[in-house]
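K.L.:
So that we are looking at the same thing, I have put the structure below in structure tokens.
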Amino acid sequence: MDVYGLIGNPVEHSVSPPMHEAAYEALGLDARYVTFEPASEQLDTALEGASALGVRGLNVTIPFKEDVLDVVEPDPLAERIGAVNTIDFEGEPTGHNTDAAGVIRAFQHHDVERSGTAVVVGAGGAGRAAAFALADEGMEVHIANRTVSRATALATEVPDATGHGLDELAELVPDADVLVNATSVGMEADETPVPKRHLHEGLAVLDAVYAPLETRLLREADAAGATTIDGAWMLLFQGVEAFEIWTGKAAPVEPMNEALRSSL
């Protein structure tokens, strides 16, 4: 039996186990997905133990996404983003960041072209992944953040990117082709990071928030004629990418999606 899993603290509310277990069942794989919850100071020991026990791969969640960079060799994209969310133990353990693929594959699934101008709201982990992913697709990326210095600092790392404060969204969003909310704003029903007057037809909006699935931003974007993509799609496709890295097989997207959404 092949063993995969999730390492983080806490992990009890993660939806990754049912999503990956659904993939194994759909493909008839003899595999299990388990969770590991070490204390912060035990990360090195936990990863060494997982490798010694023959664990094939791990997803990584808070608070370890950055700490893992000191333990396993990251691939070039994970190194640029500055975070690892997937470890492949085949051969020399390698760290990957599949959040970037989660963004791109979510847009691909909804037939959204990644060309023109993108606005990314948020300069944290999800914002970094989205900014690098869209820049690598050839898009001009504008990063807006409550703390402007974080946006401008990230923009110096991302090709063809600029950093802005949230007050500049009024100028940025009306001309954008793609908008990504990479903040937690929207978890409260009446909050949105972008006023509805800036949303427009022809815009594609991805909201990384997945609880609730239908955020105020997505409702107002839909009313404005924009293409809307909820956060579960990004969550799904980062998991799909991890599955494919570990197994070398095409992931069964629909069973994984059904299991994920049933768990939210």
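Each residue, glycine too, has its Cβ placed from N, Cα and C.
What Swiss-Prot records for Lys65 is active site, proton acceptor, and it gives sequence analysis as the kind of evidence. Summarising the annotation, Swiss-Prot assigns shikimate binding site to Ser14, Val15, Ser16, Thr61, Asn85, Asp99, Tyr210 and lists sequence analysis as the type of evidence. Residues or ranges marked as NADP(+) binding site in Swiss-Prot (evidence: sequence analysis): Gly122, Ala123, Gly124, Gly125, Ala126, Asn145, Arg146, Thr147, Val148, Ser149, Arg150, Ala208, Gly231.
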K.L.:
If you count, for each of the binding-site residues Gly122, Gly124, Gly231, the other Cβ atoms lying within 10 Å of its Cβ, which residue has the minimum?
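P.N.:
Checked Gly122, Gly124, Gly231; of these binding-site residues, fewest Cβ neighbours within 10 Å: Gly124.
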K.L.:
On a C-alpha basis, identify the one among Gly122, Gly124, Ala126, Arg146, Val148 that is nearest to Ser14 (shikimate binding site); the candidates are the binding-site residues.
P.N.:
Ala126
K.L.:
Here are some binding-site residues: Ser16, Asn85. Which one has the most Cβ atoms within 10 Å of its Cβ?
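P.N.:
Counting Cβ neighbours within 10 Å, the top one is Asn85.
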K.L.:
Would you mind reading off the Cα separation of Arg146 (NADP(+) binding site) from Asp99 (shikimate binding site), to the nearest angstrom?
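P.N.:
Their Cα atoms are separated by 22 Å.
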K.L.:
What span in Å does the NADP(+) site cover, taken as the longest CA to CA distance among Gly122, Ala123, Gly124, Gly125, Ala126, Asn145, Arg146, Thr147, Val148, Ser149, Arg150, Ala208, Gly231?
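P.N.:
Site span for NADP(+), by Cα atoms: 26 Å.
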K.L.:
Give me the non-local Cβ neighbours of Tyr210 (shikimate binding site): same chain, 6+ apart in sequence, Cβ-Cβ under 8 Å, ordered along the sequence.
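P.N.:
When sequence neighbours closer than 6 are ignored, Tyr210 (shikimate binding site) has Asp230, Gly231, Ala232, Met234, Leu235, Leu264 within Cβ distance under 8 Å.
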K.L.:
Would you mind reading off the Cα separation of Lys65 (active site, proton acceptor) from Gly122 (NADP(+) binding site), to the nearest angstrom?
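P.N.:
Here the two Cα atoms are 17 Å apart.
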K.L.:
Which one is it: of the binding-site residues Gly122, Gly124, Ala126, Val148, Arg150, whose Cα lies the shortest distance from the Cα of Ser16 (shikimate binding site)?
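P.N.:
Going through Gly122, Gly124, Ala126, Val148, Arg150 one by one, the closest to Ser16 (shikimate binding site) is Ala126.
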K.L.:
Go through the binding-site residues Gly122, Gly124, Ala126, Val148, Arg150 and tell me which ones have a CA within 10 A of the CA of Asp99 (shikimate binding site).
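P.N.:
Those near Asp99 (shikimate binding site) - Cα within 10 Å - are Ala126, in sequence order.
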